[in-house]
Amino acid sequence: MSDLISALLLGILEGLTEFLPISSTGHLLIAEQWLGRRSDFFNIVIQAGAILAICLALRQRLWTLATGLGERDNRDYVLKVSVAFLVTAVVGLIVRKAGWQLPETLQPVAWALLIGGVWMLVAEHVAGKLPERDVVTWKVAIAVGLAQVVAGVFPGTSRSASTIFIAMLLGLSRRSAAADFVFMVGIPTMFAASGYALLEMYKEGGFGTEHWADVAVAFVAATITGFVVVKWLLSYIKKHRFTVFAVYRIVLGAALLLWLPAAAG
């Protein structure tokens, strides 16, 4: 398989999995077993494509918030998004400096996929018994910020899965409202994470040699696919539960745990 086709597939995979509650990190690690491992810079660029995708998909919502800060509800919402991001940034930096992160290898990812799928089924069942609410509380904002850190510590957890369901359990029980808030918090979080990673790479001597055609193709693929996925998901969860994603995670995690010993042998 050519490097260009491999880059295209990895870009599509990033766009497909970044915003679905199934773990983009886990899927990229799995794909790299067959498509080859790419540089950290390549992975940052395709995530940048996902960032652009969500900004485009939510552009109307972002514009409404930006131009409506004179309204109390909009100011309150933006402030809670900011607090959630700051919690992630501060706690995440402490965790990173302390070195608290599992290695990005297939076995912990497989367990995270499996356990995360079970967690999703249980969490949505419990949240389904709560009164339907779409108001973001301070408790939800802080918890979402912490949940993003947890997702960073345990590769394969999925940022969207951990944050959406903790928000639902703590009172933001309407699925679409929880996803909307989580995606809003995800925008500055992903920007900051990518910027920090680029800065660290620069300090370590630069970005190395890249095939820029591969990088460009992957970026565009991640952007287009991510845009479609965000639009589809926000429409889908208005009428459907997350069950299909939970079952998919359980099946994939179990399959990986069965495959790994055979592959090692």
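Cβ from N, Cα, C; glycine included.
As annotated by Swiss-Prot, transmembrane segment applies to 38-58 (among others), with the evidence given as sequence analysis.
If you look up Swiss-Prot, you'll see 75-95 (among others) marked as transmembrane segment, on the strength of sequence analysis.
The transmembrane segment annotation in Swiss-Prot covers 108-128 (among others) and rests on sequence analysis. Note on the transmembrane segment (108-128): residues 21-23, 25-26, 29-30, 102, 154-158, 161-162, 165-166, 168-169, 173, 241-243, 245-250, 252-254, 256-257, 260 of its chain, located 6 or more positions outside it, place their CB under 8 angstroms from a CB of the stretch.
Sequence annotations record features per position, and here Swiss-Prot assigns transmembrane segment to 135-155 (among others).
What Swiss-Prot lists as transmembrane segment is 181-201 (among others).
Residues or ranges marked as transmembrane segment in Swiss-Prot (evidence: sequence analysis): 215-235 (among others). Residues of the same chain lying 6 or more positions beyond the ends of the transmembrane segment (215-235) and with a Cβ under 8 Å from any Cβ of it are 4, 7-8, 10-12, 14-16, 18-20, 41-42, 45-50, 52-54, 56-58, 176, 179-180, 183.
Residues 20-23, 30, 106-107, 109-118, 120-121, 124, 156, 158, 161 of the same chain sit 6 or more residues outside the transmembrane segment (244-264) yet have a Cβ under 8 Å from a Cβ within it. Positions annotated as transmembrane segment by Swiss-Prot: 244-264 (among others).
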Stretch in 38-58, 135-155, 181-201 most in contact with the transmembrane segment (75-95), if contact is a CB pair under 8 A: 135-155
Intrachain residues whose Cβ lies under 8 Å of the transmembrane segment (181-201), provided they are six or more past its termini: 19, 40-41, 44, 47-48, 50-51, 54-55, 58, 61-62, 77, 80-82, 84-85, 88-89, 136, 140, 144-145, 148, 159-160, 163-164, 167, 172, 207, 230
